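**Student:** Below: one structure in structure tokens.
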Amino acid sequence: MNAATTASPASDTATANPTAINRFDALADQVLDGNPISREQALEILKTPDDEVLNLLSAGFRIRQKHFGKTVQLYFLMSAKSGLCPEDCHYCSQSKISEAPVPKHNILKRDDLMAAAKMAADRGAKTYCLVISARGPNEREMSAVEQIVPEIKQKYDLDICACLGLLSREQADRLKACGVDRVNHNLNTSEEHYADICTTHTYADRVGTLRNVRDAGMEMCSGGIIGMGEKHEDVVSMAFDLQELGVQSIPLNFLNAIEGTPLEGNKDLSPHDCLRALAMFRFVNPDRELRISGGREIHLRTLQPLGLYVANSLFVGDYLTTQGQAPEEDYQMIKDLGFEVTKSTGETPTC
Ligand code: SF4
């Protein structure tokens, strides 16, 4: 990929094949000039033929490079409470309707949470993501988070992202006060598609939590899952809702249709579909952190490195209930691309 690649004027390319001209560079120019793309243009990106996906990524790389250079930020996930969730999110192996054999435990003890923080720091992660399975945190879980967050931040150079489910404004204020930097709460899909993937809470509930997080003065991390039977319009709608909410960080997952969940066996995605979606999110949210998240190993497969030409972040290690690839493979991939892992301090860990 050459960031400097631009369409050659037709007069200079009498012998050039017109299909070699990168039509996406005009779109990148539009974004780089500060003019947002329209929903129609975003929809067109999702319809890019496979043969043109490299051109799309090349143009998207120019946007990524302007805002993030060649840096890659790593996140480390810790499932602090697993299973036992009363909600019915159809994609989730921890929901009350899932029959998947996932670990079931209440919030982990201090020592386990500290050991995971050490692992996150050792792996060069910028952010430690503390996740519980819940509709929202109960008082015991809130207190546990309030106790552990200052301790982690005192000992390690890690930002803390809490993913605790739906939050009231008062709970958001308490998280801010104890040192939580960011809260993750994914929109997951569009408002129109939401009732097809969850019936125990609404899209509006999720948006409400994000507003509480924002109003409490924390950063918002929110993204979605591709491959849940949604239409292109749903994916575009989610990307624009995230833009309008002003989320700072966008994790994009690709459905890992776990056996025992209502969406099991759903394997609609090709590697090119994943790349188109990542590129569209980059064009719509040019300066926002874009993280290739769950499902990258099974859906992008050998094309994972190409995703980093538009995304600038990865989870390193395992996901909540599924395995990721070995961290060493991620470090090698980043190094082979000529990119570098950065932390908030600007350090580069040994790869
Ligand atoms: S609220 Fe979270 S943990 Fe519970 S079912 Fe939904 S996604 Fe899973």
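Including glycine, each Cβ sits where the backbone N, Cα and C put it.
OK, TrEMBL features for this one:
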| type | residues | note |
| --- | --- | --- |
| BINDING | Cys85, Cys89, Cys92 | [4Fe-4S] cluster binding site |
| BINDING | Cys129, Cys161, Cys221, Arg291 | [2Fe-2S] cluster binding site |
| DOMAIN | 70-296 | domain 'Radical SAM core' |
**Student:** Taking the Cβ of Cys161 ([2Fe-2S] cluster binding site) as the centre, how many other Cβ atoms fall within a 10 Å radius?
**Tutor:** 24
**Student:** Under 8 Å Cβ-Cβ from Cys89 ([4Fe-4S] cluster binding site), six or more apart in the same chain: what's there?
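**Tutor:** Listed in sequence order: Ser95, Asn188, Ile197, Cys198, Thr200.
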**Student:** Using Cβ atoms only, which residues of the same chain lie under 8 Å from Cys129 ([2Fe-2S] cluster binding site) while being at least 6 residues apart in sequence?
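**Tutor:** Cys129 ([2Fe-2S] cluster binding site) has long-range Cβ partners Tyr75, Phe76, Leu77, Met78, Cys161, Ala162, Cys163, Asn184, Phe315.
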**Student:** Within 8 Å of the Cβ centre of Cys129, Cys161, Cys221, Arg291, which other residues of the chain have their Cβ, at the recorded [2Fe-2S] cluster site?
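**Tutor:** Apart from Cys129, Cys161, Cys221, Arg291, the close residues are Tyr75, Thr127, Cys163, Arg182, Asn184, Ser249, Pro251.
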**Student:** Can you list which of the binding-site residues Cys92, Cys129, Cys161, Cys221, Arg291 have their Cβ under 6 Å from some atom of ligand 1?
**Tutor:** Cys92
**Student:** Near Cys92 ([4Fe-4S] cluster binding site), how many other Cβ atoms are within 10 Å of its Cβ?
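**Tutor:** That number is 25.
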**Student:** Does Cys85 ([4Fe-4S] cluster binding site) have same-chain partners at least 6 apart in sequence with Cβ under 8 Å from its own Cβ, and which are they?
**Tutor:** Cys92, Gln94, Ser95, Lys96, Ser133, Ala134, Arg135
